[in-house]
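The phosphothreonine feature in Swiss-Prot is assigned to Thr39, Thr963; the stated evidence is similarity to another entry. Annotation source Swiss-Prot lists N6-acetyllysine at Lys291, citing similarity to another entry. Feature annotation from Swiss-Prot assigns region 'Disordered' to 342-361, 381-407, 424-482, 518-593. What Swiss-Prot lists as compositional bias 'Basic and acidic residues' is 439-452. Per Swiss-Prot, SUMO2 cross-link is recorded for Lys440. Summarising the annotation, Swiss-Prot assigns compositional bias 'Polar residues' to 518-529. Annotation source Swiss-Prot lists domain 'SAM 1' at 606-670, citing sequence analysis. For 678-741, the entry in Swiss-Prot reads domain 'SAM 2'.
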Amino acid sequence: MMSDASDMLAAALEQMDGIIAGSKALEYSNGIFDCQSPTSPFMGSLRALHLVEDLRGLLEMMETDEKEGLRCQIPDSTAEVLIEWLQNQMTNGHLPGNGDVYQERLARLENDKESLVLQVSVLTDQVEAQGEKIRDLEFCLEEHREKLNATEEMLQQELLSRTSLETQKLELMAEISNLKLKLTAVEKDRLDYEDRFRDTEGLIQEINDLRLKVNEMDGERLQYEKKLKSTKDELASLKEQLEEKECEVKRLQERLVCKAKGEGIEVLDRDIEVQKMKKAVESLMAANEEKERKIEDLRQCLSRYRKMQDPAVLAQGQDSECEGLFHSSSISTLLDAQGFSDLERSTSSTPGMGSPSRDLLHTSAPEEFHTSVLQASIPSLLPPSVDVDTCEKPKLPTKPETSFEEGDGRAILGAAAEVSLSDGVSTSSLQKSSSLGNLKKEASDGTDKAPTDSRTFGTLPPKVPGHEASVDDNPFGTRKARSSFGRGFFKIKSGKRTASAPNLAETEKETAEHLNLAGTSRSKGSQGTSPFPMSPPSPDSRKKSRGIMRLFGKLRRSQSTTFNPDDMSEPEFKRGGTRATAGPRLGWSRDLGQSNSDLDMPFAKWTKEQVCSWLAEQGLGSYLSSGKHWIISGQTLLQASQQDLEKELGIKHSLHRKKLQLALQALGSEEETNYGKLDFNWVTRWLDDIGLPQYKTQFDEGRVDGRMLHYMTVDDLLSLKVVSVLHHLSIKRAIQVLRINNFEPNCLRRRPSDENSITPSEVQQWTNHRVMEWLRSVDLAEYAPNLRGSGVHGGLMVLEPRFNVETMAQLLNIPPNKTLLRRHLATHFNLLIGAEAQHQKRDAMELPDYVLLTATAKVKPKKLTFSNFGNLRKKKHEDGEEYVCPMELGQASGSSQKGFRPGLDMRLYEEDDLDRLEQMEDSEGTVRQIGAFSEGINNLTHMLKEDDMFKDFAARSPSASITDEDSNV
């Protein structure tokens with residue numbers, strides 16, 4: 001701005017100088033033309049005037065010497081022209097009278113020049129002022145620019161801080177979600193611990209009450225022992241008096257026989273004396289009978305005390321189970337040796353003594369059955385006191401009718417109590433087994449009596465040897481009955497079933513076997529194995545036995561109470577019979593009777609009709625029309641080759657041949673597996689669950705069942721037109737989930753449960769529909785329908801390392817530019833699958849040959865080259881072994897039993913273990929079962945007592961106790 005103003009000012013001044021110079025030159029003009037006119041003739045002379053003025057100015061400035069020197073340098077011609085010109089008198093055509101006009105004009109121009117100079121000075125001042133303002137404005141502009149830059153920097157910092165805050169917010173939200181999950185898990189654990197503590201507190205209170213009762217019973221026992229000791233002393237004195245009286249009676253009888261002929265009067269006196277002595281003996285016998293009643297009462301009290309004492313001893317023996325068991329058994333043995341030997345040997349011999357003892361038994365027996373489950377079960381574990389009683393020195397014989405009636409009364413009481421206890425809900429099976437032990441023990445106590453010695457008196461009835469029980473009698477009945485006894489106990493331990501559980505038929509059969517153990521073992525085994533002869537039973541015993549059989553007849557509710565499988569006949573169908581509605585309620589249960597009868601017969605001996613019906617059950621009934629004439633028996637299928645199946649039966653489908661071969665192998669194997677129970681209809685529903693319903697037609701045509709899923713190969717899937725890599729991996733992980741859950745039919749989760757406590761093990765069981773529900777719960781409902789038919793389920797999400805968030809986002813069709821949505825999906829996906837699965841997926845992504853899993857990737861079948869054509873058969877065999885899901889996947893975790901909470905590792909007895917128990921010898925099996933039963937009761941007691949009962953119970957497996965008992969046998 002300033003430079004432009006300066007230029008304008010300089011141009012104006014130059015113009016003014018030119019105007020002034022032009023006005024001076026007009027004095028020499030003739031006034032005809034204006035000097036400013038472009039056609040003026042003075043434009044060339046104006047220059048000459050300027051040159052002359054310049055010359056004058058220069059000459060005035062020069063000195064004389066310089067002037068002389070300059071003049072010498074001027075050419076002569078130039079000097080002559082100048083002199084001639086200067087001496088000319090012409091006025092250049094101007095009249096002398098026009099000089100005033102030019103003078104006025106010159107004055108006016110001078111005035112204009114001065115005014116212009118003033119204007120120029122004013123303009124200069126204005127220009128300077130404007131320059132100052134311009135400088136101020138430029139300074140303000142710089143300040144505003146600096147402020148703008150500072151504001152932009154602050155804006156950038158604010159954007160960076162906001163981005164970091166957003167990231168921190170997402171991290172905090174993820175942390176809050178983790179904390180919520182942890183809080184839910186902790187809350188669940190707290191509730192579990194509270195429930196466990198509440199149960200434990202009640203059990204501890206019950207144990208304390210039992211201890212108080214034991215202390216009270218201990219005091220009563222001491223009193224009873226004192227009474228028993230005094231009663232024994234009195235009994236000994238009475239026996240001595242009785243011996244003396246017997247000897248005296250014998251002596252008097254001998255004298256009476258010798259002197260009857262000669263001494264008639266003395267005979268009469270002696271008869272009177274004998275009558276008096278007989279009356280005295282009768283009074284002694286009445287007193288003896290009263291003592292016997294007291295002894296029987298003491299014996300009943302001691303038996304109840306022993307039943308109450310044994311569980312307390314087991315509960316107090318927490319530090320050493322074996323010591324507690326030995327202590328309880330030694331106490332019972334000591335009581336039997338000290339208190340029961342003389343009692344059983346001093347049983348009354350009069351006929352009237354049977355009914356009072358039975359009445360006393362009937363009055364005291366109901367009190368025995370008011371004990372708890374543990375109290376009722378433990379006495380059956382202890383060694384019977386029969387051997388100890390027989391080892392003592394008996395003094396009095398036992399009347400047969402009395403002992404038999406007493407045993408029958410006890411048997412009836414045991415059976416009646418067993419019937420009343422069978423209506424319980426949670427402990428029915430345990431009570432049945434315990435009542436069985438009581439029944440057997442009381443029967444042995446009532447019937448197995450010791451023989452008398454040589455000091456028996458003649459007035460007492462003679463000994464009947466037939467009622468002496470053999471030492472080798474099996475207290476658990478036959479081997480089959482014992483196995484059912486063991487199975488009942490193991491089923492009690494293994495599950496939480498109640499008496500109303502769906503397994504009805506087996507429960508009834510088990511109940512009847514338990515009830516009839518005493519009868520079957522005595523009727524079949526005792527007659528052949530007892531070394532002592534059996535006397536014919538009395539009429540009273542026959543009545544009692546018929547009463548027992550009548551009682552068992554009332555208990556028989558269905559045909560499952562039959563004990564001999566050969567005697568079972570197929571009943572004809574009738575409506576309204578027992579268990580008419582059991583089939584629909586059992587769900588997955590099969591026809592137990594038919595399956596058992598089929599398994600009893602080898603498949604090679606099956607008839608043609610059985611084989612055909614079996615093929616129809618397998619879904620291969622379409623081949624019966626062409627191959628029915630070829631099938632003779634089961635042996636035909638067992639010996640058939642691939643060519644025979646294809647030629648004779650017309651099975652062209654390779655999967656049908658494989659299905660038949662696997663089914664035949666399963667029939668030949670003794671192992672019972674759950675995948676053999678899943679038919680092809682279940683597999684089609686399973687395809688819906690894992691999100692692959694498009695293959696239902698192919699799987700249904702191939703009759704793919706659970707066994708074929710377990711042994712499914714890659715070639716099998718390719719033959720079923722499954723060529724997608726993603727679908728192969730989906731089926732692979734779905735089979736692995738089935739193995740982990742032991743091929744349970746309903747292991748997959750189709751509906752949401754508790755969203756706050758989801759674990760990766762539960763996510764493994766999610767179906768495709770459940771995954772879509774999860775997407776809706778995390779605000780991705782608009783993308784959830786894209787998973788239909790994709791094969792995405794919980795097992796694929798958790799177990800497959802190649803399946804990650806990127807694959808999930810591609811399957812959901814989330815665009816790559818929606819980074820917030822993908823980040824949101826990644827956050828919830830990682831929270832869902834857990835840290836371990838995240839680590840596996842991260843390791844898989846770091847591998848050098850990692851390729852992102854997509855829905856378009858295809859499985860390339862292996863091709864055989866001509867170089868390997870010679871080993872074609874070998875190659876086919878090796879390729880056939882390439883399973884979709886390798887056998888090692890899911891086996892380790894699949895062996896664990898389901899149905900228990902985490903942390904409760906309870907070992908269940910399998911069928912092989914029970915069959916192994918059945919194959920034991922009689923004596924060894926009895927001892928081992930008693931040991932296992934006692935060990936199980938000990939473990940249950942410790943579970944109820946200790947705070948960490950679940951972990952301790954896992955450490956004390958019943959199998960270890962059986963092994964210890966085997967080593968001690």
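Placed from the backbone N, Cα and C atoms, the Cβ positions cover glycine too.
Here the domain 'SAM 2' (678-741) has, by DSSP, the following mix of helix, strand and coil residues: 47 helix, 2 strand, 15 coil. The DSSP breakdown of the domain 'SAM 1' (606-670), given as helix, strand and coil counts, is 43 helix, 0 strand, 22 coil. Within the model, the domain 'SAM 2' (678-741) shows a mean pLDDT value of 94, rounded to a whole number.
When other Cβ atoms within 10 Å of the Cβ of Lys291 (N6-acetyllysine) are tallied across all protein chains shown, the result is 17. Secondary structure at the residue listed as 'N6-acetyllysine', taken from DSSP and collapsed to helix, strand or coil, is helix.
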